[in-house]
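Lifted from TrEMBL, the feature list:
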ACT_SITE  242  active site, proton acceptor
BINDING   12, 13, 14, 40, 41, 42, 43, 44, 137, 242  substrate binding site
BINDING   181, 210, 211, 212, 213, 214, 215, 241, 242  ATP binding site
BINDING   236, 238, 272, 275, 277, 281  K(+) binding site
DOMAIN    5-284  domain 'Carbohydrate kinase PfkB'
Ligand code: RIB
């Protein structure tokens, strides 16, 4: 039987300007080329999950009745995502304004628009779903309601706590997996003095912390797994985290072990950093497999030792 992943969350049209550097507060920077890309953390994760293959991917999203919705729907459908769309004619489709610097840094401001129309009652039937993947660009009440409903139905729940916000204990209690970067860990764990304390404070069976160019770690109950990053020259890190999340859950949904899923998610995320845009940058299964098959590009023992030393766990 094919596994099914349901992603419930945001979809945005990204307005991207490339510039020498991201402007500081109060600064105006003269940028260069401008492009739009389908984005939004939820939609990016759904595309990554679908492109990873092996699991049917569905997405609950909310869009406006405007011209910005079309490219998002087309991108999701082309990736093979089955859509449950809430259409809100009163609100504009979500948008994100991204400044991308020449050293691949970015600054993102999201205007959520229709994403805020996602309500608890919009959750589709969960029959046949193995994993529910959530983020925080939708109303927190809805995120909590979806997590609760999934838990009750025996569906595993993963939350990517992005953008960072403090989380109610009741939401954490519904999760099988929490995925955060370092900044998000600081917020959800109440500014811990170090990584170990942050991990200790989170009462979730599996916590994954992504560490950018260093790699990532997973704390599964009392066990720690480390996955160093693949070495790449980054062009655009937008959606790198989303690619990681979607690929990871697809691998787990098709029965993969967590260490293998971390490896595949890291490979997909590395490839996404070498291309422009959000959904446009997400690799498919074949591209990820080709990278994994190239022994010269796999992170070596030195990278593993460096990550272990940095984590000091
Ligand atoms: O994680 C990257 C995404 O964040 C962008 O695609 C943008 O839409 C914002 O949601």
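Note that Cβ sites are derived from N, Cα and C of the backbone, with glycine treated the same way.
Curation does not apply to TrEMBL; its annotations are automatic.
All features noted in TrEMBL, drawn onto the structure.
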{"residue": "12", "record": "substrate binding site", "DSSP class": "strand"}
{"residue": "41", "record": "substrate binding site", "DSSP class": "helix"}
{"residue": "211", "record": "ATP binding site", "DSSP class": "coil"}
{"residue": "236", "record": "K(+) binding site", "DSSP class": "coil"}
{"residue": "242", "record": "active site, proton acceptor", "DSSP class": "helix"}
{"residue": "272", "record": "K(+) binding site", "DSSP class": "helix"}
{"residue": "281", "record": "K(+) binding site", "DSSP class": "helix"}
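Listed in chain order, the residues near the K(+) site other than 236, 238, 272, 275, 277, 281 are 37, 235, 237, 239, 240, 273, 274, 276, 278, 280, 282, each with its Cβ within 8 Å of the site Cβ centroid. Close to ligand 1, meaning a Cβ under 6 Å from one of its atoms, are these of the binding-site residues 12, 14, 41, 215: 12, 14, 41.
Residue 137 (substrate binding site) falls outside any helix or strand according to DSSP and counts as coil.
Sequence-ordered, the extra residues of this chain that approach the substrate site, with Cβ no more than 8 Å from the Cβ center of 12, 13, 14, 40, 41, 42, 43, 44, 137, 242, are 9, 10, 11, 38, 39, 94, 96, 239, 278.
Closest to residue 41 (substrate binding site) by Cα-Cα distance, out of the recorded positions 211, 242, 275, is 242. Most other Cβ atoms within 10 A: among the binding-site residues 41, 275, that distinction falls to 41.
Sequence-distant neighbours of residue 238 (K(+) binding site) (same chain, 6+ residues apart, CB-CB distance under 8 A): 14, 16, 39, 98, 100, 106, 108, 277, 278, 281. Summary for the binding-site residues 12, 181, 281: the Cβ-based neighbour count within 10 Å is maximal at 12.
For the ATP site listed in the record, the two most distant Cα atoms among 181, 210, 211, 212, 213, 214, 215, 241, 242 lie 17 Å apart. Residue 242 (active site, proton acceptor) has 43 nearby among the binding-site residues 12, 43, 137, 181, 211, 236, counting only those with a Cα within 10 angstroms of its own Cα.
With the fewest other C-beta atoms within 10 Å around its C-beta, 137 stands out among the binding-site residues 14, 137. Around residue 277 (K(+) binding site), taking its Cβ as the centre, 23 other Cβ atoms fall within 10 Å, counting all chains. Taking the binding-site residues 43, 211, 213, 272 in turn, the residue surrounded by the fewest other Cβ atoms inside 10 Å of its Cβ turns out to be 213.
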